[in-house]
Amino acid sequence: MDLTSWAIFPLLLASIGVYGLYKLLQKLRSGAYLQAAVVVITGATSGLGKECAKVFYAAGSHLVLCGRDEERLKDLVQELNNMRLKSTQLHKPHMVIFDLSDVEAVNTAAKEILHLAGRVDILINNAGISYRGTILDTKVSVDRMVMDTNYFGPVALTKALLPSMIKNRRGHVVVISSVQGKISIPFRSAYSASKHATQAFFDCLRAEMSPYDIDVTVVNPGYIKTNLSLNAVTGDGSGYGVMDKNTADGRTPEEVAQTVLRAVGERRKELLVAGLVPTLAVYLRTLAPTLFFSIMSARAKKRTKAKGFITNSNLKAKITVCI
């Protein structure tokens, strides 16, 4: 080793030590932030929402679990109450039953949430629906239904709870969006539109809430291995009942829930939780849009030919419910 190498070596060790100390302090702050925080989670009966309930409960948060299925929420509460953690004080969760697509029900639910918990520190807008179909064969009523749940529902609940957060000068709004809030792919028009609207709204909200010290985190996951496609219904209400390959190969909800927990604890502004190909697609859309459009066109042509999507009569819009 020459003199320069000997000089660099202690600097490198010092840098590693400083970084390690920074990560330790960050973890401690994150734990203190989540412990005893009042956390509201929509779509808590299954999938990512259910796993988020588990990890935030284990972190010591006070939970308000929201969904449409009372029995499944009761089962989740029982499961959480059966957890035993020596190092963390656990708090009995509350339940609020309502339909996110009903704005009046959302406003009533917000009042009930504040009555039960007294305040809301962290709101996790997780509930939503997914969609499959061609634009030509999709009724406007289907587009509206997707928008009601994925966009207007979270917007209504957020607006109803914001005054309380502003009054307390404390709050954190989280929305589970999608990679498709960043890019649009064929045969996902209603879903992509709802997630693009969600991305835009909460980006605006982040800026407008900064004077009040209220954080906003947008999480953009790719495919998650849940019952998303198994619970699908078609445009006429019949069941779809198929586990899509991309969904089956996706990340586990447990893994994504841990990522959400860390992102909230670190007060991240935005987070992309996706594999290499979707991540590259997001950057390609920005850096080389013409190439991205060509790839999407080729994808649409290939699938149209394979599926025989020619007339309005040969495709039913598929809607996947995840609430």
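Note that the numbers count up from 1, one per residue, in the order the chain is shown.
Yeah, the Cβs are placed from backbone N, Cα and C, and that goes for glycine too.
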Per Swiss-Prot, member of THR217, THR226 binding NAD(+) alongside SER46, LEU48, TYR191, LYS195: THR226
Secondary structure at SER46 (NAD(+) binding site), reduced by DSSP to three states: coil
Rounded Cα separation (Å) that holds between LYS195 (NAD(+) binding site) and SER178 (substrate binding site): 7
Lowest local Cβ density (other Cβ within 10 Å) among binding-site residues: LYS195, THR226: THR226
Binding residues SER46, LEU48, TYR191, LYS195, THR226 (NAD(+)) - maximum C-alpha distance in whole Å: 20
